[in-house]
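For reference, the structure discussed in these notes is given below.
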Amino acid sequence: MAVVVALAFVFLVMFPVPSPVRALSSNYYDHTCPHLESVVASAVKKAMSNDKTVPAALLRMHFHDCFIRGCDASVLLNSKGKNKAEKDGPPNISLHAFYVIDEAKKALETSCPGVVSCADILALAARDAVFLSGGPTWDVPKGRKDGRISLATETRQLPAPTFNISQLQQNFAQRGLTIEDLVALSGGHTLGFSHCSSFQNRIHKFNATVDVDPTMQPSFAAKLRSVCPAHNKAKNAGSPLDSSNLVFDNAYYKLLLQGKSIFSSDQALLTTPKTKALVSKFASSQEAFEKAFVTSMIKMSSLSGGQEIRLDCRVVR
């Protein structure tokens, strides 16, 4: 089943809701591993030079990690025996670029063994992915610990891109995240790509009376229909999430206002006055978007998770 290569939000109803970590600090590793940030940035840059999709992959990976059991690097763990891990759950099958975290961890284990968590490496890599794509940078609070539990079944709590605004709001509120956070973090869709299956509902058999979602700009919908026919057989067919999907900018919001969004959950941001006003604000000011995005990223990436420092990001000791 094709899955979204983009930002996704997790909706937990059966599992403990993560809470902010109290011990995080921007200077957490200043004395124990002072060159941490340059090592991670170097790994991200190297990977980007060979694969332009790496930034979107790292940003999405960080979101998927934080919204299930907090930011504990559980998304990095491999399946073992009968235990199928998060990364092998259907919504995560298309996650990639795990090797970037592995490379950084390997280098850090040589110079600062047993000191830096995989969760912190992933949080830094996501920040670097945004910055190296032309977006803002920020001080990442550090001190996360790595988790020991990773279950594919928990990825069933990831919402479909068909979510409406009330479902999205509930999802974020459960994590102490606001409507402002929802709209700002949705801007992560400025980087990435989606397979046809994630927006098929908008361009074929939308409802009993119309084939195409009437909120979509007609020529844009026609373009998507040509790429993704009703009985699409092309495994990798799909669409970039905005017109400049390798650059971190505010084009996502501008296109949303023009009826050129990909997901129903994107379009949902226009269905309440407050969320629509925020979309308009970010469409008209990249500075306002970047400021809000940074604030919300720090808040989201501070959701607590694990208990240990993993020596191998893919394996629990």
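Cβ coordinates come from backbone N, Cα and C, glycine included.
No curator has checked TrEMBL annotations; they are predicted automatically.
The structure displayed is predicted, hence computed values, not measured ones.
For 1-23, the entry in TrEMBL reads signal peptide.
What TrEMBL lists as domain 'Plant heme peroxidase family profile' is 23-317.
Residues or ranges marked as disulfide bond in TrEMBL: Cys33-Cys112 (among others).
Under the heading site 'Transition state stabilizer', TrEMBL lists Arg60.
Under the heading active site, proton acceptor, TrEMBL lists His64. Cβ neighbour count for His64 (active site, proton acceptor): 23 (other Cβ atoms within 10 Å of its Cβ, all protein chains included).
Within the same chain, residues at least six positions away from Asp72 (Ca(2+) 1 binding site) with a Cβ under 8 Å of its Cβ are Asp65, Ala119, Arg144, Lys145, Asp146, Gly147, Ser304, Gly305, Gly306. Residues or ranges marked as Ca(2+) 1 binding site by TrEMBL: Asp65, Gly70, Asp72, Ser74, Glu86.
If you look up TrEMBL, you'll see Cys66-Cys71 (among others) marked as disulfide bond.
Per TrEMBL, disulfide bond is recorded for Cys118-Cys313 (among others).
What TrEMBL records for Pro159 is substrate binding site.
Residues within less than 8 Å, Cβ to Cβ, of Asp242 (Ca(2+) 2 binding site) and separated from it by at least 6 positions along the same chain comprise His189, Thr190, Ala251, Tyr252, Leu255. The feature Ca(2+) 2 binding site is assigned by TrEMBL to Thr190, Asp242, Asp249.
Marked as disulfide bond by TrEMBL: Cys196-Cys228 (among others). In sequence order, Cys196, Phe199, Gln200, Ile203, Ala237, Gly238, Ser239 are the residues near Cys228 (disulfide bond), counting only same-chain partners six or more apart with C-beta under 8 A.
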With Asp249 (Ca(2+) 2 binding site) as the reference Cα, tell me which of the recorded positions Arg60, His64, Cys66, Ser74, Glu86 is the closest one.
Arg60
From His64, Cys118, Cys313, the recorded positions whose CA lies within 10 Å of that of Gly70 (Ca(2+) 1 binding site):
His64
Quick check: which same-chain residues outside Thr190, Asp242, Asp249 lie with their CB within 8 A of the centre of the Ca(2+) 2 site CB atoms?
Gly187, His189, Leu191, Leu241, Ser243, Ser244, Asn245, Val247, Phe248, Asn250, Ala251, Tyr252
So for Glu86 (Ca(2+) 1 binding site), how many other CB atoms are inside 10 Å of its CB?
25
Cα within 10 Å of Cys118 (disulfide bond) - qualifying recorded positions among Cys33, Arg60, His64, Cys66, Ser74, Glu86:
Ser74
Of all the binding-site residues given, Asp65, Asp249, which has the fewest Cβ neighbours within 10 Å once its own Cβ is left out?
Asp249
Other residues with Cβ within 8 Å of the Cβ centroid of Asp65, Gly70, Asp72, Ser74, Glu86 at the Ca(2+) 1 site?
Cys66, Ile68, Arg69, Cys71, Ala73, Val75, Ala119, Gly147, Ser150, Gly305, Gly306
